[in-house]
Structure formats: structure tokens, C-alpha cells
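Enquirer: Below are the C-alpha cells for one structure; questions will follow.
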Amino acid sequence: MGWLKQLGSAFGASFLWLVCLIYFTQGFRSFVWTAVSYQLKDNLKLSPSASQFVTSIAFFPWSIKPLYGILSDCFPIRGRKRVPYLTLATLLSLLPWLILGFSDFLRNTRTELMILLTVQNLGSAMADVVIDAMIAEAVRFERASFAGDLQSISWLSMAFGGICGSLLGGYALTHLQIDRIFLLFSVLPALQLFSCGLVEEGSVQGKALPEDSASNGSDMMSGSIDEEDKLSGEKPKVSTLSLRRKKSQKNTKRVPTAINKLQASDKNGSSLSQWYQSLKMATYTLFRAFRQPAILRPMAWFFLAHVTVPNLSTVMFYYQTELLKLEASFLGTARVLGWLSLMIGTLTYNRYLKKMRLRHILMFTQIGIALLTVLDMVLVSRANVLLGISDKVTVLFGSALSDGINQFKFMPFLILSGQLCPPGVEGTLFALFMSINNLGSTVGSFVGAGLASVLNISSGSFDNLFLGIGIQVLCTFIPVAFLFLIPMDATGISA
């Protein structure tokens, strides 16, 4: 535990506690969202497609994470950029659970429930962005050598929260009313709100944009072009180098102009103008970077990998609970195996796969996902019973493997995102990458809900579920045809 004490002395015990608490809460959300799934199914009597539609809308705030980063970067509240926004985000996370816990009408009305769940996810997503920014700033200004340890303790806290939430979620549903579960979970964001007051943050003194960020923004284009050369494995030609040098010189001349504009607005005392200039430069820098083919093409593949495959997870949840009569406690245990598989998948990737080409990893991952989806077809067709394999064993086996194999796709996404981020906009651009991934998942859920509706799959009527899963299997191979969007020589080792 010596490294933990060193982290506490380097960053402060209150800050380290806040980081662990927020990430633990993010993982522990499985405790309350299991209750939400049963609320939609049992109390509101929604069909699988309608339930998946409500859930997809509720999770949409995770698809616009860069907006929260730009907001906290460009519009300080009373001179502070992080803690006030973290406090606001925590309030947005806390109040919906309290309201749903106390109000039977809002809890059992579809539209009101969807709005409150969306607000809650807005707070959780904003808190996730702000705490990531606070970690990046703490590492940069305090002890950069502890960056890996701080990230490790964050992931461990979230994994531990996920395991605890999955184990306790099923048990709570068996012994507690859903309103009590909502109120019980609200203890964590309430504790998080109290902890926000323990963390000190210095004032930015009305500075809208640091000078180094302006220079980083101007150098961003050349950095992204250099990264494209690295990923493609080609050496730049002399003419390209000279052209790039000329562009860099021109951009260098433009930097003082932007800085002077901000300084002039500061002299005029117009904070509104400062904020506008800061917002304009941050947005321009972000989209200028994202337009580069070396960034746009890989991100397009990861987006397509989600939207081309219909997500039928909610339909399978209905099938497992209504037709197979699997208990909530058992499904919670299956989710624990999923979390353990996720960690094992991460370790396996880092140990054996990170030197492989990303195209090969992603191709084999899609094939593995397709085979696991075939396992759902076996479950629905009841072929497992004919083979003497129980439903619980089949579900546990699928849960144990699915999260681990999906991690083989998510880890390259993280690695490639880190490779593609040009200097100066790493944080915001990485948040944009994550939002693209989240948006793709949301769209995939919409596609799955639409497929379930077209096939007339509803609660108590699963006759066409086998066909729906078959379509899902075929769609899993569609992203393989677009692997040319991934740089040919890119591997899991950061450039």
C-alpha cells in the first residue's frame, strides 16, 4: 500500500478519495440500473422495443461528452473551472433518484421517468468528463510519474464498484421495493456532493484561454499530419516536409494575433468577449483536428461497428426473465462474471495482443462476437437443453466470454485514440472519440429496437427472436468489410 500513500501525499487525500468515489459510483450504477430494467418491464409493462427506446434516450447524454469539457474549459464559475461543474453534475445525478424514490407517479409514468433518467445520465456523464480533466491537470502540475498509478486506481475502483453493484443489485431486487433501491443508491451521489466541498481549486483569475493552448492549437495540424505518416508507415517526401514547414511558419505568425485578441478583450474588461473567443478557438481547434483523414477514417469504422449491428440486449433480458424464468440474483452473478471477464480480457490484450496489427485483432474480434451471438440462437432454439446443458450454464458461459471479447475491440479503440490525438487538444478530442463510441452504441440500440418492432417481438411473444438474432449475426460481419479504414500498420503499441 506504499504507492497508495505516495499518491495521497502527492495529490491530497481528499482528491484521491473523490476520484475513487466517483469511479466506484460509475461502476456501482449497475445496482440501480438493474432495478430500472425491471421497473420498465414489470411496472410500466413496456414491450422490449419500447424499453430499449427509453433506455437509449436516457443514455444519450454520454454521446455529447465534449460539450461538457468545452463548457468547463471556457466558462469558469466564480473563477473555478472544475469543482463548480462537478458539484452541478453531482446534483443532477442525485436529484432524479430522490424524486423517483419519493414520487410514485413520476416513477410509473413513461415520459417523466425517461426525462429524469436522462437528467441523471447528464450529471453522470458531466462528472465523468470533469473528473478526467481534474486527473489530467493534477498529473500535469503535480507528479507526472504517478499518471499510470492514478489511472490504475480509477479503473480498479470502477471495476470493484461494478462487481459490488452487480452482486447486490439482484439481491436488493429480491428483498427491497424498487423505490427503496433508488433511495439507497442516492447515498453515493450525496456522499460525492459532500466530498466536492473537500477539494480545493485555485482561481483562473478570469483567464479565458492559456497562451500555450493557443500555440498548441496552431501546431495541431502539423502534429496530426505527422501522426498520419507514422500510422501509414510511409516516409514523408521532401516537398511535403517543406510545405509543412511553411504552414507551420504561417501558423506561428497567426498565434500572437489570437493571443493579442484575448489580451485586448481582457484589457477592456469584457469577460463575455473572453469566453466567446475561448469557446470559438476550442471549437475550431477540435473540428479542425477531427477533419483529418488519419483521425476521421478510424473513428468512422468504430462508429460503423456499432450502428450496423442491431443491439438486442433488452430483448434477451425479457426472454431470460419471462420465458426462462431466470432470477434477478442469478443475472447479477452473470454480470459479475462479465466484469471479471472484462479485466481478464484487458490483461490478455496487454500481454499477448498489443503487438498484433489492429486490423487482425478487430477482424477476429468480430468473428468471436458473431460466434457468441450464435450461442444466443442456441439458447432461444432450446438446443442447449437437447444437449443436456442448462439455461443457467449457457447464460453464464455467454456472459463470461462476451465482455472479455468485446474488450479486445474496446482496447484498440483506446490505443488508437491515444495515437491519433494531436498535441494541445488531447483531452477534448479523446472525449469526442468516446462520444462517437457511445453514440454508435445508442444508434445500435435504436436499430435493435426497430428490428424487434418490425419482427413483432414483444413481451410473451418471442417467436421471431431466433430470426432477429440470425440477422444480428449476419450484421456482425459488415464492419469487417470496412477494415480498410483502419491504418494498415497500426498496432496496439502507442506511437
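Note that Cβ sites are derived from N, Cα and C of the backbone, with glycine treated the same way.
Residues or ranges marked as transmembrane segment by TrEMBL: 51-71, 83-102, 153-174, 300-319, 331-349, 361-380, 439-458, 465-486. Annotation source TrEMBL lists region 'Disordered' at 209-236.
Would you situate these features in the structure and describe their surroundings?
Expert: Sequence-distant contacts of the transmembrane segment (51-71) (same chain, at least 6 residues past either end, Cβ-Cβ under 8 Å): 36-37, 40-41, 85, 89, 110, 113-114, 117-118, 120-122, 124-126, 128-130, 133, 279, 282-283, 286, 311, 313-315, 318, 427-428, 431-432, 434-435, 438-439, 441-442, 445-446, 448-449, 452.
Here the transmembrane segment (153-174) has long-range neighbours at 4, 7, 16, 19-21, 23-35, 38, 135, 181, 184, 327-333, 335-336, 338-340, 342-343, meaning same-chain residues at least 6 beyond its ends whose C-beta is under 8 angstroms from one of its own.
Through the fold, the transmembrane segment (331-349) approaches residues 27, 30, 34, 159, 162-163, 166-171, 317, 320-321, 395-396, 399-408, 411, 492 of its own chain, all at least 6 residues removed from its boundaries and within a Cβ separation under 8 Å.
Taking Cβ pairs closer than 8 Å, the transmembrane segment (361-380) reaches residues 301, 305, 312, 316, 319, 324, 353, 391, 394-395, 397-398, 401-402, 405-406, 408-409, 412, 462, 465-466, 469-470, 472-473, 476-477, 479-480, 483, 486, 492 in its own chain, all 6 or more past its ends.
Within its own chain, the transmembrane segment (439-458) has Cβ neighbours under 8 Å at 47-50, 52-53, 55-56, 59-60, 62-63, 302-315, 464-465, 467-468, 471-472, counting only residues six or more beyond its boundaries.
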